[in-house]
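> My questions all concern the structure below.
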Amino acid sequence: MADGLHRVHYNPSTAQLVEFALLRGEGELTANGALVAKTGARSGRSPGDRFIVKEPSSEADIEWGPVNQAFEPGAFEGLWARVEAYLADKELFVSDLEVGADTEHYQPVRVTTQYAWHQLFARNLFIIPEEFNRKDKPVWQIINAPDFVCDPARDGTNSDAAVILNFAERKVLLAGLKYAGEMKKSMFSVQNFLLPAQGVLPMHCSANVGKDGDTTLFFGLSGTGKTTLSADPKRFLIGDDEHGWAPGGVFNIEGGCYAKCIDLSQKNEPVIWDAIRFGTVLENVVMDEHRVPNYKDSSLTENTRAAYPLEHIAQRKEDNCGAEPHAVVFLTCDVSGVLPPVSILTKEQAAYHFLSGYTAKVGSTEIGSTSAIQSTFSTCFGAPFFPRPAGVYAELLMKRIESFGSQVYLVNTGWTGGPHGLGKRFDIPTTRAIVDAIVSGELKDVETIHLDTLNLAVPVAVTGVDSNLLNPINTWGDKALYAEYAQKLAEAFTKNFAKYQVSDAIRHAGPKA
């Protein structure tokens, strides 16, 4: 339906939005039917331009700092009004959507976009409900005005763009940004703030379920394998990035997937490959002269993306929900080549490694990052998206693991035999074999060896995996150099963890520096 007076298109279909995007010059059609859009200089998130309005209802519950930057309520009101005035005579696209597949824990949201392709992205990534807001909850509003230019002196922003969350008014403002991922991560941050108060753990993870109803979760930063490993032809996908874990089950916060495309291949990632078709948005993907996507081309960015609805995946859990997880996998991309490909964690070790969030920025999703791969500690495997203090989420994780009896594993999808540049990265088939062993229950109660410096228990055998790979020292030609790198990594863990106020049992569960 279109409002002729103001040219506002309400709940437009996929076909309509693709047509609008092409007619308005917002993108091009690829040979496989997807819509390619380019985001310009900002081809990733802009963490330096993300703010939360500092107001009485939420102020005491937010961990303020460089991740959660404060914004004054009056400045927000002024900027929101200026953006609304700017959009008043523009053609707009509006949809009523939901975030959260659980019937109790969803949030209704009205998404207004200046671009047709941004609306297509929102309708792909959020949930299109059969009946909007069936519990009549207060509705959130997202306004996305990519062509609006912020003025720091006038608007109180840090640059010409801003992402601002206002919990009191249930508003999200995106101005001056074309990168569509900001929309999904904004509402993820909203749910990350709201869900803990309802006893639900929000998680930066993917999830899938087997034929017997067994759920597995995969935590990890972008590029560590969440989407790839959860898109398993033998299992049913719940979701690839954002979930809630409530007493009794897990649910997808989204209704679609936002898969990295760099070096995508039909052989290694058939589920993702097949999902890219008409209705999919390809972000910053380069095409050849015949409009065939070249997934190896990173000339625009390493952070190329495909945004598609879950309906594009044949093997999926149709209600976007699953039982509580038997297996929880922490995906770490270790650039030092020190960590084993799989470790079996105790509850205390799970809390330690969840708070640490050790991994690497691989093809980083943040603007200004170089193509160099850097190690990082990202609390809860998603520090940029969690407004509350880290301990809130760690306590909820411990509670869920203890009450259900989930087993947690640390899986290294990074390097072995040496650090990045000297060693080699674990290939996808090896990691898939490890994940197969985890989900089958093969690694429960198996014989292990203990790696003293890393303080990790490692299985002595895994079906389909070369046993020499399991203990990382075996893959290094220079054993003394391995010991040196292992000690350096242990020291980095200890230094990073010093900031947390936790029990001795959790503190002593980490590596031994």
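Heads up, the Cβ atoms here are built off N, Cα and C, so glycines get one too.
Computed from a predicted structure; not experimentally measured.
Feature list, courtesy of Swiss-Prot:
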BINDING   ARG45, TYR179, LYS185, ARG305  substrate binding site
BINDING   LYS185, HIS204, GLY220, LEU221, SER222, GLY223, THR224, GLY225, LYS226, THR227, THR228, GLU269, ARG305, THR431  ATP binding site
BINDING   LYS185, HIS204, ASP241  Mn(2+) binding site
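On this model, are these features tucked inside or out on the surface, and what's nearby?
For LYS185 (substrate binding site), the same-chain residues that are 6 or more apart in sequence and have a Cβ closer than 8 Å to its Cβ are ARG45, PRO384, PHE385.
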> Measuring Cα to Cα, how many angstrom lie between THR224 (ATP binding site) and ASP241 (Mn(2+) binding site)?
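That comes out at 12 Å between the alpha carbons.
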> To the nearest whole angstrom, state the Cα distance for the pair HIS204 (Mn(2+) binding site) and THR228 (ATP binding site).
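Answer for this pair: 15 Å between alpha carbons.
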> Would you kindly give the Cα-Cα distance separating TYR179 (substrate binding site) and LYS226 (ATP binding site), rounded to the nearest Å?
21
> Give the sequence-ordered set of same-chain residues, not counting LYS185, HIS204, ASP241, with Cβ within 8 Å of the centre of the Cβ atoms defining the Mn(2+) site.
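The answer, listed by sequence position, is LYS184, PHE188, GLU242, GLY382, PHE385.
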> Please report how many Å separate the Cα atom of GLY220 (ATP binding site) from that of TYR179 (substrate binding site), as a whole number.
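Cα-Cα distance, GLY220 (ATP binding site) to TYR179 (substrate binding site): 21 Å.
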> How far apart, in angstrom, are the most distant Cα atoms among the substrate-binding residues ARG45, TYR179, LYS185, ARG305?
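Greatest Cα separation within the listed binding residues comes to 14 Å.
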